[in-house]
Structures are given as C-alpha cells and as structure tokens.
Amino acid sequence: MKLEFSRPPGYVLAAGMVSLGGFLNGYDTGSIGAVTEMPFFTSSIGELTPFLRGFTVSLIMLTGAFPSFFAGQLADRFGRLAIVAAGALVFAIGAALEGCANKLATFLVGRALCGIGEGLWISNITVYITEIAPSARRGMLVSMPQFMANAGICVGYFTCYGSVQIESSFSWRAPYIIQAVLGLVLATTPFILPQSPRWLLLNGHRDKAIEELKRLDFSAVEAEKDLLGPAAEQQISARQPGAVEGLARIFRKPYRKPALLALYVLGVIQLSGIDGVLYYAPTLFAQAGISAKTSSFLASGLSAILMLAISIPAVLFTDSVSRRTNVITGGSILTFCMFTIGTLYASNSVTPQNPARWLVIVLVFVFGLAYSATWGIVGKIYASEIQPAATRSAASSVAQGLGFFTNWIVAIITPVLLANSSFGAYFLFGSICFVSVLVLMFSMPETKGLSLEAIQEAFLVPGTAQRGRVVSLLRRWAGLGGFAPVAVGGAQTTESAIELRDVGGLLTQDAAASGVQTTSLESGSERSVRA
C-alpha cells in the first residue's frame with residue numbers, strides 16, 4: 001500500500017515557524033533556574049543570594065517589558081515578521097553573551113538583551129498568527145506558541161539534567177549556545193514566510209494581500225469570510241494612528257474595553273504564580289522533600305513532560321471548548337491547588353515522614369498541568385482576538401508588556417517568599433487566582449468560532465458584548481445552552497446563520513437577512529448577491 005502525505009496548509013506551516021519564538025521563551029524558562037543551581041555556574045559566576053538569584057532569573061522579563069509596550073507600533077509600521085526577526089537577532093546576541101560570561105555583570109547584560117529580544121517578538125508572533133489564521137482554526141493555531149513554550153520548558157529542563165553531569169563550565173554554557181543558534185534561525189522568518197494579509201490591507205496593499213493569502217493556502221470561502229468581505233475590509237482598512245496616538249487610542253472609547261480586558265487577562269496569567277513554579281521547580285520539589293539535586297531536576301523535567309503532553313489535546317481541542325469554560329474551570333483548579341499546598345505547609349504537615357509531602361508534589365504537578373491546558377493556552381488567544389484591527393498590535397503589545405512586568409514581579413519575589421515562609425507564596429497566588437475567576441466570570445464575552453471582525457463588531461457596538469454575555473448566562477441557567485448572539489452588520493445573527501459557498505470561482509454568500517457584496521480571491525472582481 002502506498003502512503004501519501006499531503007503538505008499542511010501554508011498558514012499552519014507559518015504558524016509553526018514563528019512559534020519557535022515560544023519555544024525559545026520556554027527553553028529559557030526551563031533552563032535558567034537549573035543553571036543557577038549548577039556547581040560550575042557558582043564557581044564561574046559566584047554564589048547568588050536569594051534576592052540576587054531572583055533578580056538574575058527575572059531580569060529577562062524586566063527588560064522585556066519595555067520594548068513590549070511599543071513593539072506593536074513598530075510592527076504596524078515595518079511589518080510583524082520584521083520586528084520578530086529584529087528581536088530574534090538581539091536575543092541571539094544576548095544568549096551568546098550569557099554563554100561566554102565569566103562574570104555576573106556580563107551574564108546580566110546577556111539576559112537583559114535576551115529580554116529586549118523577547119519583548120519585541122512575543123506579542124507580535126501572537127498577532128501574526130491571529131491575523132493569518134482562518135477563524136475556524138484560529139484558537140488551535142494561536143495556541144501553538146504556548147504549546148512550543150511547553151516543549152521548550154521540557155527540553156530546557158532535560159538539557160540541564162544532562163549537562164549537569166559535565167565536569168566543566170560547559171555544563172551551564174551549553175543551554176545558551178543552543179539558544180543563540182535557535183535565535184538566528186528565528187531571525188530568518190521575513191525571508192521565508194508570507195506577510196500578514198491583514199497588515200498588508202491595513203497599509204493599502206490589497207493585491208499583495210491576495211498573493212499572500214494564496215501562499216497561506218486560504219480557500220476562497222475562508223478568505224471571503226475572514227478578510228475580503230466588505231464588512232471585514234472596511235474594519236481592517238481603518239486609518240492607522242501614529243505611535244503615540246496609537247498607545248493613547250487603546251484607552252479611549254470604543255477601544256478601551258477590549259484593551260483593559262486584555263491587560264487584565266495577560267497580567268493575571270503571570271500573577272497566578274506559574275512562573276514561580278516553572279523557574280523554581282527544583283527548589284519547590286526540594287522543599288517538599290526531594291533533596292538530591294539530580295532528583296529535583298528529574299522531577300522538574302517530569303512536570304515539564306506532563307505539561308507538554310496535556311497541552312497537545314488542549315491545543316487540538318481549543319476551538320471545541322468555549323473560552324469562558326476553559327478559563328473559569330482552569331482558574332478554579334489553580335485556586336484549589338495553591339490554597340491546599342499553602343494549608344499543608346501552614347499546618348506543618350509537610351515533613352520527611354509525613355505522606356503530605358507527596359500530596360504537595362502531586363499538586364505542583366496538577367497546577368502546572370491545569371495552567372498549561374487552560375490559562376496558558378486561552379489567555380493569549382483571547383487577549384489578541386478581542387482587539388479591533390486598528391488597535392490589535394498596540395493593545396496586544398501593551399498587554400504583553402504588562403505580562404512581562406507581572407512575570408518579573410513573580411520571579412523576583414518567589415525565592416524571597418520561599419526563603420521566609422513556606423506557605424505565604426501559595427496563599428498569595430491562590431488568592432489572586434480566586435479573585436480572577438470571579439472577575440472573568442462576569443466580564444468575559446465568548447469569542448469561540450467567531451471571525452475577528454464579528455468579535456470587533458460585538459465590542460465596538462455599544463452594549464452588544466454586555467447584552468450577549470447576559471443572554472448567554474440566562475440561557476445557560478435556563479438550560480438552553482450558552483450561545484451568545486453577536487451583532488454583525490446591525491442584526492442579531494450567528495456564524496451558523498451564514499452559509500458560504502464557492503460557485504464557479506466566485507464567492508457567494510447566503511445570509512439570513514440581506515444581500516452582500518463578495519469578492520473573488522482569484523480575480524478580485526466583485527458582484528452583489530442577494531440571499
């Protein structure tokens with residue numbers, strides 16, 4: 001029997017390529033905590049106090065926060081991929097400096113440069129994938145960077161687990177050599193991948209946008225639904241503001257509501273304590289009773305493998321589960337884990353002789369798994385997809401900048417909290433998760449399966465998103481299901497109310513209400529079709 005393999009669509013390949021940025025982010029997360037505990041790192045760089053260790057680990061987030069605030073504006077001007085490549089090049093230089101360092105100062109300069117590089121690309125890879133993905137597969141594709149981040153964490157842990165056996169400073173330098181090489185690979189993306197068609201439309205290059213849609217293997221139906229329909233083009237081609245105006249614009253009506261929601265979502269993701277778990281996993285497991293350094297590294301690696309494993313079905317079924325259900329369920333599990341661990345430590349139940357220490361270890365695993373399957377996947381998808389086209393890059397980059405900053409806070413305070421209290425950090429992060437579940441339960445409209453333009457319409461039409469959310473809650477409580485109608489084109493309709501089909505190379509659209517103008521992907525010709 002002859003097996004035939006078909007090439008994945010271009011938008012899948014493009015999303016996978018830029019998701020290397022997520023892998024690099026995860027690789028650093030998975031390796032830095034272990035590196036700072038390696039004997040040869042200490043002999044090369046010096047002994048680190050808890051505060052200095054936290055500062056060293058977290059510096060990459062602090063320096064990443066500042067470029068994140070204007071990375072979206074740069075991408076609006078020069079293109080998503082150009083800024084991703086620039087960030088990757090800066091990151092590669094920083095990783096090379098880390099790998100060559102013989103003094104803490106040099107190592108810190110390298111981490112600072114890596115942070116600047118990540119700050120330039122992190123939000124832009126999400127925006128790029130959001131803009132090239134068909135709405136039916138957007139959730140899965142936008143979650144790819146987070147999946148790759150989980151893979152990077154796993155590879156980072158096990159790289160260190162293997163390299164710690166090397167009896168030289170190469171034991172801790174090897175991870176940074178790998179990062180530098182991969183950073184250079186990511187820097188090649190503008191020369192390989194298609195530009196974002198939405199970015200091209202924003203900048204008035206419609207013919208080029210159609211060419212890139214073909215490279216991305218969009219079907220005519222997908223192109224008409226997501227980009228080339230009259231309503232979509234009108235929203236996409238809105239005038240783009242300058243850098244300063246763009247940052248100010250996201251906090252004005254009607255853009256303020258989705259921008260503030262994105263800021264809250266991405267900030268909360270980091271304040272959940274996940275980076276305390278990821279960066280200091282060897283320390284957490286040692287505190288719970290796994291004393292041998294290699295054993296704590298191995299336990300950290302096992303947690304990374306499980307997080308990677310659970311992220312596979314989470315990514316594949318992202319578009320099958322509502323965003324709200326995902327976030328609320330995940331947040332409830334995170335809250336339970338943090339409060340339970342804190343209670344066990346506060347009651348002095350965690351001792352070498354008490355089985356409670358194994359419960360702590362299991363709950364650390366469960367926390368990481370729940371985060372990877374829910375908040376880690378959906379948070380970045382949601383924060384990006386709810387933004388209007390005119391402010392998507394600016395709002396996403398500012399939200400990512402806040403995420404970097406809160407990430408830095410968690411990373412720098414976690415070792416200090418653990419050194420001074422065995423339970424304080426867990427109660428703090430658990431309380432934040434609990435409050436966040438309540439806030440998101442009443443402020444988060446559903447977006448699963450909707451085109452970006454339909455989501456934009458829902459947020460920009462005053463009261464639409466709020467009405468949809470209330471209707472959804474009432475229907476769910478009444479046992480009628482949780483679908484929230486969205487106002488598109490001035491009428492209450494749903495995605496399923498519109499049937500798109502390709503007839504003779506031209507797109508026609510049967511709508512529930514009125515005629516619309518459609519566009520041929522091949523020729524660019526237009527005609528009106530009445531339902």
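Cβ coordinates are placed from backbone N, Cα and C, and glycine is handled just like the others.
Annotations in TrEMBL come from automatic prediction, not curation.
If you look up TrEMBL, you'll see 14-448 marked as domain 'Major facilitator superfamily (MFS) profile'.
For 12-30 (among others), the entry in TrEMBL reads transmembrane segment.
Feature annotation from TrEMBL assigns transmembrane segment to 50-71 (among others). Outside the transmembrane segment (50-71) by six or more residues, the chain places 28, 32-33, 36, 83, 87, 104, 107-108, 111-116, 118-124, 243, 247, 275, 279, 393, 397-398, 400-405, 407-408, 410-416, 418-419 with a CB less than 8 A from a CB of the stretch.
The transmembrane segment annotation in TrEMBL covers 78-97 (among others). Sequence-distant contacts of the transmembrane segment (78-97) (same chain, six or more residues past either end, CB-CB distance under 8 Å): 18, 21, 24, 67, 71, 106-107, 109-121, 124-125, 127-128, 131, 176-177, 179-181, 183-190, 193, 195-196, 199, 393.
Cβ atoms under 8 Å from those of the transmembrane segment (109-129) belong to residues 14-15, 18-19, 21-22, 24-25, 28, 56, 59-68, 71-72, 74-75, 80-81, 83-84, 86-99, 101, 141-142, 144-145, 176, 179, 183, 186, 196, 380-381, 383-384, 392-393, 396-397, 399-401, 404 of the same chain, restricted to positions at least 6 beyond its ends. For 109-129 (among others), the entry in TrEMBL reads transmembrane segment.
Feature annotation from TrEMBL assigns transmembrane segment to 141-164 (among others).
Summarising the annotation, TrEMBL assigns transmembrane segment to 176-193 (among others).
Residues or ranges marked as transmembrane segment in TrEMBL: 259-281 (among others).
Taken from TrEMBL, the feature transmembrane segment covers 297-318 (among others).
Taken from TrEMBL, the feature transmembrane segment applies to 325-346 (among others).
Per TrEMBL, transmembrane segment is recorded for 358-378 (among others). Distant neighbours of the transmembrane segment (358-378): 139, 143, 146-147, 149-150, 268-269, 272-274, 277-278, 281, 284-285, 288-290, 299, 302-303, 306-308, 310-311, 313-315, 318, 323, 326-327, 329-331, 333-334, 337-338, 340-341, 344-345, 350; these residues of the same chain sit at least 6 beyond its ends, with a Cβ under 8 Å from one of its Cβ atoms.
Here the transmembrane segment (398-417) has Cβ contacts under 8 Å with residues 50-51, 53-55, 57-59, 61-62, 64-66, 68-69, 71-72, 115, 118-119, 122-123, 126, 247, 250, 259, 262-263, 265-267, 269-271, 273-276, 279-280, 283, 383, 424-425, 428-429 of the same chain, all six or more residues outside its ends. TrEMBL lists 398-417 (among others) with the feature transmembrane segment.
Cβ atoms under 8 Å from those of the transmembrane segment (423-442) belong to residues 264-265, 268, 271-273, 276, 324, 327-328, 331-332, 334-335, 337-339, 341-346, 410, 413-414, 417, 469 of the same chain, restricted to positions at least 6 beyond its ends. If you look up TrEMBL, you'll see 423-442 (among others) marked as transmembrane segment.
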